[in-house]
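Engineer: Below you will find the structure I want to go over with you.
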Amino acid sequence: MLTSLITSSTTVTLTLSQIYYILDIACGFLISVLVWMNSSVLDNGNHSNPQIRDMSSNMIKADCVVIEDSFRGFPTEYFCTSPRYDECLDYVLIPNGMIKDRLEKMSMDIVDYYEACNATSITLMCVLKGGFKFLADLVDGLERTVRARGIVLPMSVEFVRVKSYVNDVSIHEPILTGLGDPSEYKDKNVLVVEDIIDTGKTITKLISHLDSLSTKSVKVASLLVKRTSPRNDYRPDVGFEVPNRFVVGYALDYNDNFRDLHHICVINEVGQKKFSVPCTSKPV
């Protein structure tokens with residue numbers, strides 16, 4: 001079915017999927033404003049611009065959306081979630097439309113960085129399983145940015161699998177598998193695509209390993225970074241800084257559940273108990 005929008009001089013025809021996409025972006029913008037108003041992201045007189053974070057050697061310069069500890073999210077009944085997770089979620093922390101809007105800007109920042117470095121190609125390394133949705137949407141944004149600018153920046157994708165949690169407990173030593181032939185990374189610009197950085201142990205281990213493979217550069221783009229105590233000092237290019245709560249959805253999981261949620265949500269005690277498994281790994 002097609003819907004026509006009539007202007008004074010022309011007729012613009014959009015498919016329903018295009019209309020839904022426009023509405024999704026508009027909703028994301030409105031929700032972004034609500035988050036800003038509720039969480040006091042902007043300078044409140046107590047900090048000097050908390051959105052701008054110091055850059056480490058493995059960081060691509062980008063602003064960070066900070067969701068404060070005082071922000072209590074959005075009621076789940078206002079969003080589409082699976083009946084399987086009824087009573088398992090505390091609230092929606094980041095709606096999907098807001099995620100998509102943030103990734104558009106991250107994509108432009110990343111292309112800016114590699115253009116400035118005169119990079120001839122990028123190898124994106126997705127950290128599975130939680131990073132696959134972030135990767136798909138990020139690559140889509142990168143490709144749109146490259147096309148719009150009329151530049152040549154070939155991209156390839158590799159995958160590495162990491163296990164770092166059992167239930168809500170970070171295990172003592174993250175397990176990395178699937179890196180493949182080490183020679184494939186020699187003299188490559190590697191962009192690690194991670195879903196969330198918590199303690200920083202997993203990403204630090206992965207960067208150290210990649211550095212040993214004679215890569216040209218190793219950078220990290222993470223959808224989320226969690227405010228932990230003691231504070232995790234590793235600062236990648238990041239979409240959102242979030243409170244130290246266990247988050248699920250948008251491919252982030254709790255024992256391989258909740259990956260199918262459209263939004264990023266905070267799991268509650270009922271959900272943790274319902275989907276818990278016996279813990280055999282040594283905690284941190």
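Keep in mind that glycine also has a Cβ here, set from the backbone N, Cα and C atoms.
For reference, Swiss-Prot lists these features for the protein:
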{"type": "BINDING", "residues": "Lys129, Glu194, Asp195, Ile196, Ile197, Asp198, Thr199, Gly200, Lys201, Thr202, Lys226, Asp253", "note": "GMP binding site"}
{"type": "ACT_SITE", "residues": "Asp198", "note": "active site, proton acceptor"}
{"type": "BINDING", "residues": "Asp253", "note": "Mg(2+) binding site"}
Engineer: Which of the three DSSP states, helix, strand or coil, fits Thr199 (GMP binding site)?
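Structural biologist: DSSP assigns Thr199 (GMP binding site) to coil.
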Engineer: Of Lys129, Lys226, Asp253, which is closest to the residue listed as 'active site, proton acceptor' if I measure between C-alpha atoms? They're all binding-site residues.
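Structural biologist: Closest by Cα distance to the residue listed as 'active site, proton acceptor' among the binding-site residues Lys129, Lys226, Asp253: Lys226.
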Engineer: With every protein chain in view, how many other Cβ atoms are within 10 Å of the Cβ of Lys226 (GMP binding site)?
Structural biologist: 19
Engineer: Tell me which residues of the chain lie with their Cβ under 8 angstroms from that of Lys129 (GMP binding site), as long as they are six or more apart in sequence?
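Structural biologist: Result: Arg161, Ala251, Asp253, Asp256, Arg259.
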Engineer: Mind giving me a neighbour count for Asp195 (GMP binding site)? Other Cβ atoms within 10 Å of its Cβ, every protein chain shown.
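Structural biologist: The Cβ of Asp195 (GMP binding site) has 24 Cβ neighbours within 10 Å.
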